[in-house]
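Student: Here's a structure for you.
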Amino acid sequence: MRHLLSAGDLSLDEATLVLDTAKELAQVGGRSVKKLPTLRGRTVVNLFYEDSTRTRISFEAAAKRMSADVINFSAKGSSVSKGESLKDTALTLQAMGADGVVIRHGASGAARRLSNWVDGAVLNAGDGTHEHPTQALLDAYTMRERMGRLDGLRVAIVGDILHSRVARSNVLLLRTLGAHVTLVAPPTLLPVSVAGWPCEVSYDLDEVLPKSDVVMMLRVQAERMNDAFFPSAREYTRRYGLDGDRFAQLPEHAVVMHPGPMIRGMEISAEVADSPRSTIVEQVTNGVSVRMAVLYLLLGGSESGIGN
Ligand code: NCD
């Protein structure tokens, strides 16, 4: 495999290789000198057309820890129409000889399109409402670390599934890794296509929580909504928010995840977010190791590619 465009492109062996490689590379984060020479002389471009805190910083830290040269390109505010500007930018990157391009874009399919225009590896860091494969990999890594396994794990993903690339990538990857996913959302926040996804669907959070090992809360993506998808924020929180009372319905071993950014008091209470059974901060730490692994496997040389 030359690119990482969709979590669904990864076989069980490839996904496991990423997680195992990330585990080895995680040791670098614990050293006082957090640097490996592995990607010296390689250039990684971060091409971000959409806002991002964690993902962008994480990819930058990952590339730098492997000694790659990093170029950050923030395209926000560009007045050129999206399709044109993406192709023009791709040609520029191609001319500069980028070995890897990390792209976040508001249009679903943008990463795949870019991969037709550049020779380097394309890493999808979120394309519209479509996919966010490195988020799914870091989530799987975090689950494996906390729970000791992925096979047979019961994972509830709760909230704005309709607009969530995180949910879609997680459903695809977790299915490959043998976990069972239940999506929980109001009917208006589920895509019509969900009937064909390899997971179950419920509208009732209270019914699903006692049967879950992992509960992943998602932000309501107001920036992608131009209609009212639910009566009010308070009503949403009452039915789909994770507060202390609902948290108490989870099995004792269960953990709570969130990809960030979270809206405290909306989909998750501060009490739950800051609980020792919340993995939110660990997810950020693990994100760097997982992105190091993906960069290493895609750019690290002919003998190390994912699949090749
Ligand atoms: C998510 C995203 O951008 O898709 N955040 C992330 O990458 N950590 C989810 C979100 O924006 O709510």
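Each residue, glycine too, has its Cβ placed from N, Cα and C.
As the structure is a computational prediction, the values presented were derived from the model and not from experiment.
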Student: If TrEMBL gives R54, T55, H132, Q135, G260, P261 as binding carbamoyl phosphate, which of R31, R104, R234, R238 does it give for that site as well?
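Tutor: Looking through R31, R104, R234, R238, the residue TrEMBL assigns to the carbamoyl phosphate site is R104.
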Student: Tell me which of the binding-site residues T55, Q135 sits in the most Cβ-dense spot, judged by other Cβ atoms within 10 Å.
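Tutor: Comparing the binding-site residues T55, Q135, the most crowded Cβ belongs to Q135.
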Student: How long is the line from the C-alpha of G260 (carbamoyl phosphate binding site) to the C-alpha of R165 (L-aspartate binding site), rounded to the nearest angstrom?
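Tutor: R165 (L-aspartate binding site) has its Cα 13 Å from the Cα of G260 (carbamoyl phosphate binding site).
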Student: Ranking the binding-site residues R54, R165, R219 by other Cβ atoms within 10 Å, which is at the bottom?
Tutor: R54
Student: Sort out the sequence-distant neighbours of R104 (carbamoyl phosphate binding site) for me: same chain, 6+ apart, CB within less than 8 Å of its CB, listed by position.
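Tutor: Residues satisfying the criterion: L47, F48, Y49, E50, S52, T55, R56, A125, G126, D127.
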Student: Once R54, T55, R104, H132, Q135, G260, P261 are set aside, which residues in the chain still have Cβ within 8 Å of the Cβ centroid of the carbamoyl phosphate site?
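Tutor: Everything else in range on the chain: S52, T53, S58, A125, G126, V166, P259.
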Student: Helix, strand, coil residue numbers for the domain 'Aspartate/ornithine carbamoyltransferase Asp/Orn-binding' (151-298) per DSSP?
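Tutor: Output for the domain 'Aspartate/ornithine carbamoyltransferase Asp/Orn-binding' (151-298) reads 65 helix, 24 strand, 59 coil.
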